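Reviewing the structure listed below.
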Amino acid sequence: MSCLQTLTDHIQTLKNQLLKHTLCSLFTLKRGIPLARKLCYAVGGVPYQITNIAMGVSLQIFLLDVVQMEAFYVSVILFVSRVWDAVTDPLVGYLVSRSNWTPVGKLSPWLAFSTPFGVLSYLLLWYVPQGSMSGPHSVLWFLTVSCLFETLMSCYNVPYLSLNMFLGGDQRDRDSATAYRMSVEMVAMLLASVIQGQVVAVYNAEKQEASDYSSRLHSCEDSLCVFYPQQKAFLTSALVMGALFFLCSLIIFLGVKEQRAPLCSTEKARPSFLTSLKMLVCHVPYHRLVLGFVFSALAFQMSLGNFALFCSHAAGLGAQFQHLLLVLLVSASIGVPLLQAILLRIGKKATVFIGLSLFIPAVIIVACVPSNLPVFIIMCLLMGFSVATIFLLPWSMLPDVVDDFALRHPSCKDLEPLFFSCYAFCNKLAGGLSAGISTMILQFVGYKAGACNHGDGVVTALIVLFSPVPIALLLIGMVFFRFYPINERQRLQLQEQITTAQ
């Protein structure tokens with residue numbers, strides 16, 4: 001009889017535990033981020049990606065070969081605009097953190113204000129005023145417009161990135177929202193690559209036709225080919241990008257309702273700008289994650305920033321550039337959900353090493369046999385998976401660092417935008433360094449804007465910029481990721497502490 005009573009009590013205990021677990025699960029599901037909000041949030045990342053890939057793929061070629069600007073001035077424009085953008089990011093982040101809540105939220109007004117001006121400045125970036133096709137006026141025009149565009153994009157992108165911490169839900173919900181965002185951004189990059197890649201392909205075909213015509217008239221060894229600038233094609237693609245920019249901004253403004261941060265409190269203090277920066281720099285998980293991200297991003301941007309020139313001049317596959325870029329981005333798009341599933345099983349830190357490691361053999365093989373199209377396509381598949389890693393994982397790890405900082409410094413308030421803006425600052429600084437260094441090296445080895453043929457020095461420089469240099473930078477970044485202190489066990493502890501603090 002006592003055994004039966006014991007069994008009955010045990011069954012009742014199991015029922016109570018099961019009921020409690022079910023209620024907790026339903027409560028968590030109710031408190032989670034709705035799917036519609038995740039999708040609208042994800043769409044908001046499209047404007048930055050489509051404009052960024054368009055500029056990364058075509059701006060260097062546009063300035064060098066279409067505008068006919070000297071490589072030195074192109075280097076100055078690319079580097080100064082990226083440095084300017086990098087400097088404005090933390091400043092915008094601090095201003096956003098000091099903003100007050102409005103009826104539509106704290107970050108949404110920044111998105112609404114910056115969108116129309118950002119679209120206009122992007123269109124001006126691809127417009128060449130008559131009478132200033134060369135000389136100081138052209139340099140001044142493109143330098144001013146590029147800095148203006150980067151400033152307005154900071155006013156859009158910093159609040160958007162910070163919005164991840166104001167979507168509601170817990171760490172897993174935010175990771176899911178980040179995965180949705182990256183998947184949509186990859187699709188956006190595919191769309192942008194189709195538009196911009198078609199422009200580059202048409203331009204390469206017309207340039208080759210002009211070169212063949214010039215070679216029939218006279219030797220073109222040290223001369224410049226005569227061809228008309230394809231300004232209209234670049235401007236048309238900019239109009240399409242601008243329309244997508246405005247539409248996506250409208251979707252996120254209407255579809256995402258901001259939620260207050262989990263540890264938000266009106267009693268917290270707002271430290272000064274310099275004090276806030278000092279606290280961020282001294283936070284060990286943050287600076288190790290940032291350093292790993294910077295070197296890895298520099299490696300990828302150094303390689304992919306020269307992808308178009310590498311295909312055209314080193315591999316002799318300029319006509320296949322669009323298809324190679326599409327293969328890479330399709331692979332990256334498929335890689336994002338796969339990486340999200342992997343990180344849920346083995347953790348974020350281990351997933352970073354798996355994804356980044358695939359990039360090294362891929363670029364080595366491409367550099368060794370650049371003209372072999374089937375091999376190039378296969379390696380683009382591996383490179384795409386690594387691109388998905390650098391897109392998803394660091395941004396998925398950053399909210400964990402923000403939570404860790406909030407628990408260690410409970411008296412600080414509203415520093416989330418500064419975290420994300422400094423992170424974006426480092427990414428853009430890496431892009432500016434890669435573009436500036438690449439163009440300076442091309443200038444040094446004798447790259448000539450619009451030239452029909454380039455010497456062995458230019459080809460060798462493109463191979464070095466595509467493979468050996470990025471590999472060295474990536475290895476340095478992986479060393480910093482190795483010493484990143486927040487592993488999966490500590491991440492779960494953070495979540496428990498946040499739940500307790502609430």
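Keep in mind that glycine also has a Cβ here, set from the backbone N, Cα and C atoms.
Per TrEMBL, transmembrane segment is recorded for 107-128 (among others).
Feature annotation from TrEMBL assigns transmembrane segment to 140-163 (among others). Beyond the transmembrane segment (140-163), the same-chain residues lying 6 or more positions past its ends with a Cβ under 8 Å from any Cβ of the stretch are 41, 44-45, 47-48, 51, 63, 67, 69, 76-77, 80-82, 84-85, 88-89, 92-93, 96, 107-108, 110-111, 113-115, 117-118, 121-122, 124-125, 129, 132, 249, 252, 256, 258, 395, 416-417, 419-421, 423-424, 428.
If you look up TrEMBL, you'll see 184-205 (among others) marked as transmembrane segment.
Under the heading transmembrane segment, TrEMBL lists 233-256 (among others).
Taken from TrEMBL, the feature transmembrane segment covers 289-315 (among others).
TrEMBL lists 321-343 (among others) with the feature transmembrane segment.
Under 8 Å from some Cβ of the transmembrane segment (350-369) lie the Cβ atoms of residues 296, 299-300, 303, 315, 335, 339, 342-343, 375-376, 379-380, 382-383, 385-386, 388-390, 393-394, 397, 463, 466-468, 470-471, 474-475, 477-478, 481-482, all in the same chain and six or more residues away from its ends. Residues or ranges marked as transmembrane segment in TrEMBL: 350-369 (among others).
For the transmembrane segment (375-398), the list of distant contacts is 161, 164, 175, 178-179, 182, 185-186, 289, 292-293, 296-297, 300, 304, 315, 317, 323-324, 327-336, 338-340, 343, 348-349, 351-352, 354-359, 361-363, 365-366, 369, 419-420, 423, 484, 486: same-chain residues at least six beyond its ends, Cβ to Cβ under 8 Å. Look at TrEMBL and you will find 375-398 (among others) tagged as transmembrane segment.
The feature transmembrane segment is assigned by TrEMBL to 418-445 (among others).
Residues or ranges marked as transmembrane segment in TrEMBL: 457-481 (among others). Beyond its flanks by at least six residues, the transmembrane segment (457-481) meets 288-289, 291-300, 302-303, 306-307, 309-310, 313-314, 349, 352-353, 356-357, 359-360, 363-364, 366-367, 370, 438, 441-442, 444-447 of its own chain at Cβ-Cβ distances under 8 Å.
Same-chain residues lying 6 or more positions outside the transmembrane segment (107-128) and placing a CB less than 8 Å from one of its CB atoms are 44, 47, 51, 55, 59, 62, 66-67, 96, 99, 138, 142, 145-146, 148-149, 152-153, 155-156, 158-160, 162-163, 166, 229, 231, 234-235, 237-239, 241-242, 245-246, 249-250, 252-253, 256, 258, 417.
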